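A short worksheet on the structure shown next.
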Amino acid sequence: MYKGLLTLLLLFTCFARAQVVDTWQFANPQQQQQALNIASQLRCPQCQNQNLLESNAPVAVSMRHQVYSMVAEGKSEVEIIGWMTERYGDFVRYNPPLTGQTLVLWALPVVLLLLMALILWRVRAKR
């Protein structure tokens, strides 16, 4: 009796860590590569530092399936990323475009670097 229960317990614990694998059929390997490339460029809105391929969050799974279906429909990378950006905002892009809202993000490092160079130059000039 105990051997049977122990066997069942071991059998069920072997599969306790199994995860759902996301499978999707593509017409050709190029479409699959395009879909994986696009999904790796988009950030999960729920998981701050994971792309759509790495995240298992429900929103990432939904977005990943949307990318796959749009690739299967023949949409281009620009169209898919544009659609995702329109729906979820610039946050989903790892490389946000240069706009009025993101100008501070792009310019701040340069301004800080120039400011530090100016401070160092003035300190050395006084010596």
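Including glycine, each Cβ sits where the backbone N, Cα and C put it.
The shown structure was predicted, so the numbers you read here are calculated from the model rather than taken from an experiment.
Among the features that Swiss-Prot reports, signal peptide is placed at 1-27. The annotation heme binding site is assigned in Swiss-Prot to Cys44, Cys47 on the grounds of sequence analysis.
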In the structure shown, which of the binding-site residues Cys44, Cys47 has the fewest other Cβ atoms within 10 Å?
Cys47
Give the three-state DSSP assignment (helix, strand or coil) for Cys47 (heme binding site).
coil
